[in-house]
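The following feature annotations were taken from TrEMBL:
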type: DOMAIN; residues: B:87-304; note: domain 'ABC transmembrane type-1'
type: TRANSMEM; residues: B:26-52; note: transmembrane segment
type: TRANSMEM; residues: B:94-115; note: transmembrane segment
type: TRANSMEM; residues: B:127-147; note: transmembrane segment
type: TRANSMEM; residues: B:184-202; note: transmembrane segment
type: TRANSMEM; residues: B:222-246; note: transmembrane segment
type: TRANSMEM; residues: B:283-304; note: transmembrane segment
Amino acid sequence: MNYKERGSDKVFTMANNILLGILFLIVAYPLLYVISASLSDSNAIIQGRVKLFPVGFNLDGYKAVFSHGSIMTGFFNSFFYMTVGTLVNIILTIMIAYPLSRQKLIGKKVISLMLVFTIMFNAGLIPNYLLIDTLDLIDKRAVMIIPKALNVFNVMITITYFKTTIPKELLESARIDGCDDINFICKIVLPLSRPIIAVITLFYAVEHWNSFFDALIYLNSKSLLPLQIILRDILVQNLISLDMVSSIDPDTLQSSEKLAVLLKYSLIVVASAPLMVLYPFIQRHFVKGVMVGSVKG
Amino acid sequence: MIHSISNIKRSKRDYIVKSFKRDWQLYLLMVLPLIYIIVFKYVPMGGIIIAFKDFIAKKGIWGSEWANPLFKYFIAFFNDFNCMRIIKNTLTLSLYGLIAGFPLPIIFALCLNYFKNRKIKKAIQMITYAPHFISTVVIVGMLMAFFQTRAGIVNQLLSSIGIAEIDFFGTRGTFPHMYVWSQIWQSLGFSSIIYIATLAGIDPSLHEAAIMDGATKLKRMWHIDLPGIIPTAVILLTLNLGRILFVGFEKVLLMQNPINLNQSEIISTYVYKIGMTSALPRYSYSTAIGIFQSVVGFLLIIIFNKISRKFTDSSLF
């Protein structure tokens, strides 16, 4: 469009950009600070010399994180729960979402209603815990995967996506060629659904990677704990065992305390990195996948 | 007549049989997900019966005696001296979060919509989404690191402009603000996605016509963009209002300490403590409180959905 900005529009644009800039800085500054602090000298952090960029650049915090036994165990456990869990999620989601997206399926309404109801009403903590106990899943790896095998909200998004992007004519012509439903899904629906699969992969992966409470109530064995529980001990409850710090600097208690400050920032970065890395790959599918799905799902 | 009715019935049954034959693979696919839904969503709903029983773990759900009176544990909750406090805390946190947090993503989306440079726009979006992917545990860890007394950046910034150090986590009254504003910080970018997409979907000819008529940008924002996103906003508001009793449970739990407990104990954390962490877990009582929470939430969704359907054209279902 070609037109000249008038005076009042210039003021508007400026005010608009200033407001946008302020909002952006408020969101971005803490992120930048965490990264800078994680790369700084621990003395500089404590004395408040880190404001924007790293001061006294070093990687001690990261060394401490990667040489810490339970952090690494937690990291690999979380990675396992995330990959296996997400795979299960995706398969089950497609298995129910595709049939429910088909127009003429008898009983579709009843099943959809059954699903939607679970979004609005749930039994609560204790009945769920008793069920897990009855199923003998307490303190097993499976408890991090099976009870979360499906997320109804994601199913709804996927249904809407299928409904709006897979043309009926495609199914009809496939039928004429003698294609059955399962073949149709594998050979036609799935290749056409990359955006939505990318998006729900991200949603499920985030859910698994960040899940904390299930692990808190259902897991006891140290060897099974996901990263988030270890993070809570270190970041929130301040339980940093000295043995892990001493491997780097055995000198004094004071210096290990200093390292503990640094380690927290490095840990925040390391714990968040996997999803941040995943996100840009999926972002380009985002608008297509999410918007088509969630508007009036 | 009779003949034709039975004909219709038969043809309907034939139709059902025929479509089952045609779609059997689809039904087969749904079996596993449906088993999951029934076992993990509906079976626990049967378990809420323990709120009406004197549940003893050894006797099991069915072996335990019925509570006498039946609503014993609900009555006990309303007589609990904590009851009013936790309901008040829950409502305070969620309403504060809603009032402060609901308009900001809309404002952010509107601002971004009038920002010209595409590349910078993309970058701003990417970076503001990032906090959404940070886990609750890490967010609370960050809060604690930032608001520390000595080494925390917030206090360092305060002291550099001459304000005395504040022990944020050790002071009464700071909890709701830290909770709500960190929530807004985390969700601002991501919540705005839906508005940004809605704005992008607004018919450009509306803007062109407005420009021809000499409308300023502010006027276009007010008369075209804002009305364009209201339906989306109403749906989201309805959803949020329905969840008013479900405040971010994990985050509150992680942020709790003895000093802020008076403000930070909410229904969910109370349910958790009574049912799971106390020396004598009270399953029935805890479940009763949980049901209260779920039922009120459910009713709120239904009510707000009705209202939003009446006043606007948009509704959830």
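Keep in mind that glycine also has a Cβ here, set from the backbone N, Cα and C atoms.
Automatic, uncurated: that is what TrEMBL annotation is.
Note that the structure is a prediction, hence the values are computed from the model and not measured.
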Quick one: do the transmembrane segment (B:94-115) and the transmembrane segment (B:184-202) reach 3+ CB pairs under 8 Å, ignoring pairs fewer than 6 apart in sequence?
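By the criterion, they touch.
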When you check the transmembrane segment (B:283-304) against the transmembrane segment (B:184-202), do you get at least 3 Cβ pairs under 8 Å, counting only pairs 6 or more apart in sequence?
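As far as Cβ distances go (cut-off 8 Å, pairs 6 or more apart), the transmembrane segment (B:283-304) and the transmembrane segment (B:184-202) do not touch.
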Apart from its near flanks, which chain residues at least 6 from the ends of the transmembrane segment (B:127-147) lie with a Cβ under 8 angstroms of it?
108, 153-155, 168-169, 178, 182, 185-190, 192-193, 248, 250-251, 254-255
Below 8 angstroms Cβ to Cβ, which residues of this chain, lying six or more residues outside the transmembrane segment (B:184-202), approach it?
97, 100-101, 104-106, 108-110, 112-113, 125, 127-132, 134, 139, 224-225, 228-229, 232-233, 236
